[in-house]
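Among the features that TrEMBL reports, substrate binding site is placed at D:SER59, D:ASN112, D:GLU157, D:ASN164, D:TYR188, D:TYR240, D:VAL258.
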There are 4 protein chains.
Amino acid sequence: MNLNELVNRNKEYTKHGNVANYIPELSKANPNCLGVAVAKCGESVIAAGDSNIKFTIQSISKPLILIMALLDYGEEIVFSKVGKEPTGDSFNSIRRLETINEFTKPYNPMINAGAIAISSLIKGKSNNEKIERILNFIRKLSNNNDIKINMDVYLSEKRTGNKNRAMAYFLKDIGILEGDVEEILDLYFMHCSIEADIIDLANIARVLACAGKDPLTNEVIIPRRIVQIVNTLMTTCGMYDESGEFAVNVGLPSKSGVGGGIMTVVPGKMGIAVYAPALDKKGNSVAGVKLLEDISNEYNLSIY
Amino acid sequence: MNLNELVNRNKEYTKHGNVANYIPELSKANPNCLGVAVAKCGESVIAAGDSNIKFTIQSISKPLILIMALLDYGEEIVFSKVGKEPTGDSFNSIRRLETINEFTKPYNPMINAGAIAISSLIKGKSNNEKIERILNFIRKLSNNNDIKINMDVYLSEKRTGNKNRAMAYFLKDIGILEGDVEEILDLYFMHCSIEADIIDLANIARVLACAGKDPLTNEVIIPRRIVQIVNTLMTTCGMYDESGEFAVNVGLPSKSGVGGGIMTVVPGKMGIAVYAPALDKKGNSVAGVKLLEDISNEYNLSIY
Amino acid sequence: MNLNELVNRNKEYTKHGNVANYIPELSKANPNCLGVAVAKCGESVIAAGDSNIKFTIQSISKPLILIMALLDYGEEIVFSKVGKEPTGDSFNSIRRLETINEFTKPYNPMINAGAIAISSLIKGKSNNEKIERILNFIRKLSNNNDIKINMDVYLSEKRTGNKNRAMAYFLKDIGILEGDVEEILDLYFMHCSIEADIIDLANIARVLACAGKDPLTNEVIIPRRIVQIVNTLMTTCGMYDESGEFAVNVGLPSKSGVGGGIMTVVPGKMGIAVYAPALDKKGNSVAGVKLLEDISNEYNLSIY
Amino acid sequence: MNLNELVNRNKEYTKHGNVANYIPELSKANPNCLGVAVAKCGESVIAAGDSNIKFTIQSISKPLILIMALLDYGEEIVFSKVGKEPTGDSFNSIRRLETINEFTKPYNPMINAGAIAISSLIKGKSNNEKIERILNFIRKLSNNNDIKINMDVYLSEKRTGNKNRAMAYFLKDIGILEGDVEEILDLYFMHCSIEADIIDLANIARVLACAGKDPLTNEVIIPRRIVQIVNTLMTTCGMYDESGEFAVNVGLPSKSGVGGGIMTVVPGKMGIAVYAPALDKKGNSVAGVKLLEDISNEYNLSIY
């Protein structure tokens with residue numbers, strides 16, 4: 001089956017799940033949409049279904065700012081602030097921060113607490129400079145200079161993000177965050193509100209698939225070690241507390257966002273992105289996950 | 001033995017434990033102090049040891065604002081915001097807020113999360129009016145018009161209180177707090193920073209011991225039902241996660257504060273207050289607890 | 001109002017809640033029953049409602065074997081095996097045993113894990129001798145030589161008690177239990193299955209109310225210190241994770257059992273027992289609690 | 001570098017960590033040992049270091065009995081008893097079993113609770129028949145007919161395995177286990193005590209690497225779907241609560257055992273096994289993990 005057929009076959013799953021509503025702006029999305037884009041190493045991007053809809057990348061920003069923090073500060077400092085272990089808990093759970101163990105830090109950079117910690121490790125003299133650096137990095141990875149923030153979503157998140165605020169103050173209290181908490185949160189809300197379409201995300205995923213290289217110039221944008229770290233963490237922690245199930249059924253490093261997107265890396269082969277905004281209880285796109293299962297099986301892509 | 005002898009016998013325990021230092025201003029207290037005041041129903045207050053030192057009441061404000069909230073809003077509304085159950089966890093623990101159960105609210109008003117919720121239930125048009133009402137209520141209970149806030153401690157708490165801030169934003173997120181979070185926190189930090197001595201606290205405890213009546217005028221300041229609620233919650237939850245041990249060994253409704261004070265009610269008989277700022281790991285005054293054990297045993301005061 | 005009127009007024013509450021069914025034998029109880037017995041110090045027992053129904057005491061055995069363990073081994077050894085703190089968790093919760101803290105032991109002797117630990121501290125060469133000692137102690141306290149075990153309930157508990165078995169093996173693993181686990185469990189299931197009526201339990205409670213003395217001979221059966229310990233722990237932990245609510249509304253040391261009984265101590269005054277087998281979700285008798293609230297309010301009995 | 005050089009370079013790490021001692025028999029292992037075996041698809045096994053030492057496979061039996069259960073009962077029944085999610089908790093943690101969520105079952109088959117559940121799904125009329133089937137399956141996978149149980153270790157585990165016993169009775173209580181608990185535990189202790197060397201384990205891993213096929217006959221021993229499930233679960237959960245860190249640094253499906261072995265799959269390429277019995281705090285072989293990191297980096301084997 002080709003991509004169009006696979007999209008059609010999974011269209012029915014868009015009826016399941018619900019569009020995110022805890023961030024009011026997100027509830028305006030059309031739950032009937034389903035689209036996929038595939039960017040093979042060395043080929044043009046192809047797409048099927050609703051491929052030109054813009055949505056906010058939300059948690060898909062987490063692996064991207066992790067890459068920047070690793071480039072800015074190096075592995076040792078970054079992993080003194082967050083761990084590398086999956087948690088089994090939901091993405092916005094706070095309780096594990098209170099667990100006494102050998103370290104007291106967020107378990108990994110793919111949950112909210114970890115991504116807030118990572119947000120404090122982006123270099124820049126001001127939040128303006130930091131978000132501009134993030135946007136430019138994503139523009140380069142996606143080969144799209146028009147990438148920008150959706151201001152309505154950003155303001156909606158900032159207004160209602162009290163659970164993230166709770167986490168950030170907790171992290172401040174246990175010494176994980178340096179700098180002003182509200183400023184770090186502001187940067188976090190901004191990069192979650194970056195807008196893209198699946199073509200953009202497939203392009204970004206392709207860089208991670210092709211050993212960190214720009215597909216046109218072959219320039220190394222992301223060093224091999226960082227590619228490996230990020231692909232690994234997307235595999236073990238990228239789909240929230242559904243990462244294990246997803247790994248069994250799809251078997252590819254992926255990161256979902258509550259905006260409805262999923263960015264998927266097929267190491268050595270291609271980048272994939274899907275979009276379908278109705279989410280399951282864990283926060284993952286229902287139809288998006290189903291479509292990725294079909295794609296993985298049809299083209300035999302699982303890394304296991 | 002009389003009070004002086006009991007103070008002397010327990011003086012050695014002031015060498016154990018440590019003065020609170022997570023609020024920087026509190027670390028300036030003199031760990032060698034030990035004092036006790038006793039206010040019997042219908043008699044003058046008597047005191048022994050260091051009885052004229054002023055200290056911030058900290059968590060001892062929790063039962064007092066609970067009384068005000070019960071007077072302002074009634075039992076039903078107050079206990080829709082907090083429970084009545086001890087937790088077994090430390091006073092600033094956040095994890096239980098995340099537990100899914102029949103209610104999702106702080107377990108009781110004697111832990112920080114509960115007291116922050118209660119702080120949102122004090123009537124007043126502004127924080128100024130609210131804190132003035134709290135101060136006036138405490139002035140009346142203590143029969144001391146000079147009760148006021150220690151501004152250095154207040155500012156110190158406000159600056160460093162990020163764990164409380166985390167809890168407050170969490171409570172906002174789960175719908176427990178109405179109104180502005182920072183304003184509610186500000187009121188919380190202010191009433192924790194109210195300054196008193198053990199004479200004042202013994203006077204307040206006497207009102208709770210004598211069925212809520214003003215010892216001079218016999219006016220009912222606190223209705224019987226509210227006295228019973230507050231005395232009960234001080235018994236089951238007043239000494240943090242040491243309440244059970246304390247109940248076995250002292251057997252009296254009590255509330256401690258990390259400033260080093262403990263306010264104790266002997267129902268039907270008297271109010272007691274002790275002061276000794278070096279704390280054990282749970283946050284209770286080491287020598288203060290020991291002295292109360294001796295007093296309870298010597299005069300056979302346990303309610304059990 | 002007199003006792004009969006109070007029973008009649010609370011009769012309607014027998015329609016709420018459910019008879020325990022996780023121990024199959026218990027599900028045979030008649031949910032319409034409600035009875036109360038009062039044993040004042042120095043007076044004859046009086047009763048109202050269904051006062052002659054025999055039921056298994058279940059968790060009401062917990063304070064009784066605690067007394068025996070304190071008599072057999074002393075305070076220090078007993079409280080090296082269990083703590084004195086309420087937990088906020090349900091009576092058969094296991095997770096807190098895994099919590100890393102200054103001690104690793106059951107939080108108190110009124111939850112199952114704690115009572116299993118206490119069961120290992122009853123002296124005797126064999127289980128036969130141990131249960132005979134327990135029975136004789138309860139016969140003496142209740143002034144009823146016919147107290148015995150309900151064998152059907154005992155065998156039913158033994159067959160289905162896998163959660164208690166899980167706890168016991170966990171306690172063995174962390175070094176709390178000495179001796180054979182199955183034998184300790186067997187003793188635990190036996191003393192839970194001891195049968196009594198509310199007259200018996202009111203008699204037992206009277207001993208705890210009257211400073212540990214036999215009401216006829218004035219002989220000290222339980223030393224004052226042990227009376228105080230047990231009354232305190234019944235107050236803070238005796239009604240499972242509803243102890244706080246119960247303390248506010250009734251304000252008396254009490255222990256409930258899933259058989260439907262509640263034993264209540266009014267220090268210095270009287271023993272009370274109620275029976276109504278339909279339980280709320282926490283495991284306490286619905287109508288029994290309501291009746292105790294009325295009795296406490298009507299006769300102004302709260303200790304606070 | 002070749003295998004011998006890599007073994008020599010990592011020899012120093014055998015000085016770190018400790019041989020397991022909670023199972024008394026395991027404490028007799030020689031902590032200085034280090035060995036590795038590599039079985040490429042279509043080639044002879046090669047080995048370096050201490051390659052002929054027999055040790056018990058312990059948790060490495062978990063993926064193997066999972067395969068058998070999937071063959072015996074199919075995916076649906078197996079995953080009605082265990083989940084597929086990593087937990088972030090240690091391998092013998094019990095608390096998550098008590099968590100109320102959409103399912104109440106062990107989070108995955110690579111932790112003890114999950115493997116005990118899986119042990120109940122091995123077909124056979126008696127434990128003798130079941131363990132004989134397990135042994136025969138492992139003999140076939142390892143191409144070694146001499147595989148057998150170490151009776152001393154088995155009896156040692158059976159005698160001291162009270163935490164596993166606690167878990168099994170808990171699982172019985174929540175309805176996960178059918179059949180006799182002690183019998184299921186007995187089978188669990190037996191398959192944990194199966195003895196092998198790294199040549200055997202490399203042979204087994206090769207079958208998982210080569211799409212489930214017997215390397216000699218090309219017969220499909222394990223269907224592709226089951227290979228994918230098992231390789232995935234070894235990746236996300238196979239190294240206990242160090243799986244995330246290991247995935248970043250080695251990036252290969254692996255399962256460790258407290259006997260000191262690690263079995264590693266390089267999908268499409270080869271099976272690897274290492275042995276070094278001194279363990280880190282999480283229960284993984286210190287030198288074994290280090291050696292695998294070197295091998296993965298030297299030969300560029302990470303799947304990410």
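Glycine is no exception: its Cβ is also placed from the backbone N, Cα and C atoms.
Where TrEMBL records a feature, it is marked here on the structure.
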residue	record	Cβ within 10 Å
D:SER59	substrate binding site	25
D:ASN112	substrate binding site	22
D:GLU157	substrate binding site	25
D:ASN164	substrate binding site	23
D:TYR188	substrate binding site	28
D:TYR240	substrate binding site	26
D:VAL258	substrate binding site	23
Report task. Would you measure the largest Cα separation among D:SER59, D:ASN112, D:GLU157, D:ASN164, D:TYR188, D:TYR240, D:VAL258 for the substrate site and round it to whole Å? Result -> 19
Report summary line: D:GLU157 (substrate binding site) falls, by DSSP collapsed to helix, strand or coil, into helix
Query raised in the report: Any idea what DSSP makes of D:VAL258 (substrate binding site), helix, strand or coil?
Result: coil
Query raised in the report: Which of the three DSSP-derived classes (helix, strand, coil) applies to D:ASN164 (substrate binding site)?
Result: helix
Report task. Could you say whether, by DSSP, D:ASN112 (substrate binding site) belongs to a helix, a strand or a coil region? Result -> helix
